[in-house]
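Peer 1: I am attaching a structure below and will ask some questions about it afterwards.
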Amino acid sequence: MNAPLRRVGVVVMVLFGLLFANLNWIQFYKADEYRNSDYNGRVQVAEYENRRGNIEAGGTAVATSKETGGKLKYLRTYPGGAKYAHMLGYKPVNLAETGIERAEDDFLAGTSDVLFANRVKDMFTGDESGGGNVLLTISKRAQDTAYDQLRNNNNGVKKGAAIAIDPRTGAVQALVSMPSFDPNPLASHDTDKATAAYNELERNPDGPLKNRALSEVLPPGSTFKIVIAAAALENGVTKETQIPAGASWTPPTSGTPIRNAAPSICPEAQVTLMNAVTESCNTGFAQLGVKLGADTVKEKARQFGFEQDDLTVGRLGEGGLTVAPSRTGAMEAPGGATDPAALAQSSIGQRDVKMTPLEGAMIAAAVAHGGKQMRPYLVKQLLGPDRTTSYDNADPRVLRRPVDDRVAADLRDMMVSVVRNGTGRNAQFNGYTVGGKTGTAQSGPGTPDHGWFIGFALDKDDKPVSAVCVVLEEAGSGGSAEAARIGGRIMQAAAADSGSR
Amino acid sequence: MTAAATPAASPATTGEQPGVRLARSRRNAELSLLLLAMVLVAAYGAIVEANMLDTVTPDFWMPAAALTLVFVGMHLVIRWLAPFADPALLPAVALLNGIGVGFLRRLDLGKAAPADRETLAIFAGTGGRQLAWTLASVMLAAGLLALMRDHRSVSRYAYTLGLAGIVLVMIPAVLPGRFSEINGAKLWIRVGGFSIQPGEFAKLALLVFFAYYLVRKREVLSLASRRILGIDFPRGRDLGPVVVVWLISLLVLVFEKDLGTSLLYFGMFVVTLYIATERVSWLLIGLVLFFGGAYLAYVLGGSVGGPFLNFYTRAEIWLDPFAEPYDRGYQLVQGLLGLGSGGLFGTGPGAGEPLEIPEVQNDFIFAGIGEEIGLFGLTALLVVYLLIVERGLRAGLAVRDSFGKLVAGGLAFTLGLQVFVIIGGISKLIPLTGQTTPFLSAGGSSLMANWLLVAVLLRVSDAARRPVTQGGGPAARPAGGPPEQLHGAPTEVIRP
């Protein structure tokens, strides 16, 4: 009986060898994968072990971490509540983080490569200095104004967005998407509550989780006329050139005539380009667009930033919030040749032309800044956990140059005329030269029109201080005038803030 | 079989030649090893406190000291009652038991509010209960050593034990669910707040019966056979009682929904049969039956469901635990993530998050410990288990009587198989089946039964290593004559 006993001994050895090999597989080969698995609660505990850094706007923390004494040591809180929700995003326990919380996660958590020296120092001193701080470009006053004005707009509109940028740098001064949401419940350590809160927001038909300022596109309406005007100015037309207009114009291949918003607008056969912009003359721009041709229109739009599908707004040069590409859409007939009807409608910002509010603000900013469009950014500075070492200071850079100085100056004059004499009067405020363009975009049969305003403000030295874009979705009649009023208030706040700086 | 060349009458032929080396009792080595093991357990407790409380309390040594008292007591009992027992068994088991108590105490600390942690009493919580169970189990094992002065005497009660084993296995199946069911497995007898797992003890009783019966029948089983396809198969009637016992236990286990124990009994049965008959055919039949049965159960579970659904579900979880990571696969996934998080060296005792794994104190204790001591620590624990198993088999090799060989070999293998089944289960090597991890898992029944198993191994190894000249222990039979029930047992049969 000894021979089988010995063999049984060998069998046991083999079984244990299998266990050993399998443990090697799990604890060595697969260890990293399991350690960082989404299902691994230890990842969270480790994440909440150190104090996450602040996100600050204008010297105030808008995202901060509070000690809890629980298993997850810190609770992420957003003192600004819904006001900053769309740019900050949120840092939930069990869901994916969003916004700046996601884009600057490494630095906020203190695990970023640039904070390596800091971690080594902590190891020796035994301190736990936690994560770094992110300073936003946001102007607190402009953000407050944008949020309050948009929320309490005179037209009772529930959906919309506003964004203001500094034309000289591209720094975002205000960013609001409406309706907004309170990110605090989403960061709750009670993951069931957080999930319930998320699901409720997700189910809301008004889409409060959408960042309408950056990631939603709408037909820009007449604000797109600035792009057509720029193309015209580069193709032999001047401010004073008489262009064909009229009360109604029917493109060659279409049975549907293009009309103006009111009979009082450019009924004469010819108007100057200046007046066409000021009054927002549809028939004039439809004909102008068809005359320029689809390729020219598309190319000019592209030069202003349309079709860019990799733009992000965050830290300059690296990551950030994704921006949806603005599109000019198809203007061809089924055969492939340009469809004049489509081109005509596209030229007044309808049909398949779609734009983000950020793109609107960037068009206005380029006009205000002598034709130079700056790369937009949200993060001004990365500040170390000790609050003295600065790791990344934003260095503004030119993104592209859609028009030259001369064309920019003409466009500026025309946009100033819009606010001074035309459709954008509501945007006017004291002490600054304000220019802009309103837009009323048809959103579909039976749905009220969207009201747009893009604009800029120049100080008394003609230096641009702010460029803005406001959109009120399904605002109906008077929407663009209200958008212009809100745009003016936001720029006024931004100008006051930059003046006091 | 080499025995054919030596005189059949000599009892020494079946065992290893008792040399001078074996004549030494090595009790002092056992004591040193035991103390070393207890130092490790105390160090483990200290590190746990350092990691969890940021300080080591002045009382950190108390659980280790209590364990040391208990185990040194056992050591003294062994000196008195089984002076030639294998010196490695007790320290190895004591180390596992001590780490188990230490880890369970660590879980209690993790569950306690941070403010209460420093004042956690020594007998508080699961760890404290495990400490108390250890005391009871060791006393029981000592009692068994005292009662059973010669392992062969047990064979007198073989049929009684066999019957007792069947009854023990059947009680939970017959009892209404509220008295017997915990977490879906009907394995328990619950009276008041107290629950025992009779199956753990039935394992021992059934093995003794198997061993006795096979020793009596081994000539018949080895010789009277029919040759089919070149393999010798035994006659049906010779196997009747064993097959009946096996079938009953298996059927009952299907009703108790406990695959692990069923697998364990089956393995135990096939291996004792193989050791007794030396027929490889038994292993082949066993393997084919087992894998065929498992596959059939999987297919039936997928198509028919019913009683096979449980196994089908477990197999599905095993194939892809991450398919339903928050549902059916949750426990296994968390176990794997725990093991993976530990990596090579682990987080250190007390520094991990073993409580992320549901029921970590029972089936998944190895994963919980593995997170904190890493691959290196787990490998050490595996080696300790392997040591116990191989020492048990060695006792079987060295002991002179067939009954002792079968009992020691069978028990040692069963222990090894149980370790394989549960650790393989939690590490996704094989489908997970509910089993306790011997000496580590929380629970009195498992601890007691395994300590009894160790007592039997100690007794057999004592008999194996006892010098022939000494003529046996206090209960030795005159002139080493075989007991009546085992007539012819040590006789080797010469096969052509």
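Backbone N, Cα and C define each Cβ position, glycine as well.
TrEMBL labels come from automatic prediction, so no person has curated them.
Sharing the feature lines straight out of TrEMBL:
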- B:1-14: compositional bias 'Low complexity' (COMPBIAS)
- B:1-21: region 'Disordered' (REGION)
- B:468-496: region 'Disordered' (REGION)
- B:31-48: transmembrane segment (TRANSMEM)
- B:60-81: transmembrane segment (TRANSMEM)
- B:88-107: transmembrane segment (TRANSMEM)
- B:127-148: transmembrane segment (TRANSMEM)
- B:157-175: transmembrane segment (TRANSMEM)
- B:195-215: transmembrane segment (TRANSMEM)
- B:236-253: transmembrane segment (TRANSMEM)
- B:259-276: transmembrane segment (TRANSMEM)
- B:283-301: transmembrane segment (TRANSMEM)
- B:364-386: transmembrane segment (TRANSMEM)
- B:406-427: transmembrane segment (TRANSMEM)
- B:439-458: transmembrane segment (TRANSMEM)
Peer 1: Near the transmembrane segment (B:60-81), which residues from the same chain, at least 6 beyond its ends, have a CB less than 8 A from one of its CBs?
Peer 2: 25, 27, 30-31, 34-35, 38, 41-42, 45-46, 49, 90, 94, 97-98, 101-102, 105, 122, 127, 131, 134-135, 138, 141-142, 145-146, 149, 458, 473-474
Peer 1: Any chance the transmembrane segment (B:127-148) and the transmembrane segment (B:195-215) are in contact, meaning at least three CB pairs closer than 8 A with a sequence separation of 6+?
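Peer 2: Stretch pair does not touch.
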Peer 1: So which of B:195-215, B:283-301, B:439-458 is most in touch with the transmembrane segment (B:259-276), counting Cβ pairs under 8 Å?
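Peer 2: By the under-8 Å Cβ criterion, the transmembrane segment (B:259-276) pairs most with B:195-215.
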Peer 1: Looking only at residues six or more beyond either end of the transmembrane segment (B:439-458), which have a C-beta under 8 A from one in the stretch?
Peer 2: 78, 82, 85-86, 89-90, 93, 96-97, 99-100, 103-104, 126, 129-130, 133-134, 136-138, 140-142, 144-145, 148, 151, 196-198, 200-201, 203-204, 361-363, 365-366, 369, 388, 391-392, 395, 407-408, 411-412, 414-415
Peer 1: Taking residues 6+ outside the transmembrane segment (B:406-427), which of them lie with a CB under 8 Å of any CB in it?
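Peer 2: For the transmembrane segment (B:406-427), the far contacts come to 151, 154, 203-204, 207-208, 210-211, 214-215, 260, 263-264, 267-268, 271-272, 275-276, 332, 335-336, 339, 363-364, 366-367, 382, 385-386, 388-393, 395-396, 399, 433, 435-438, 450, 453, 456-457, 460-461, 464.
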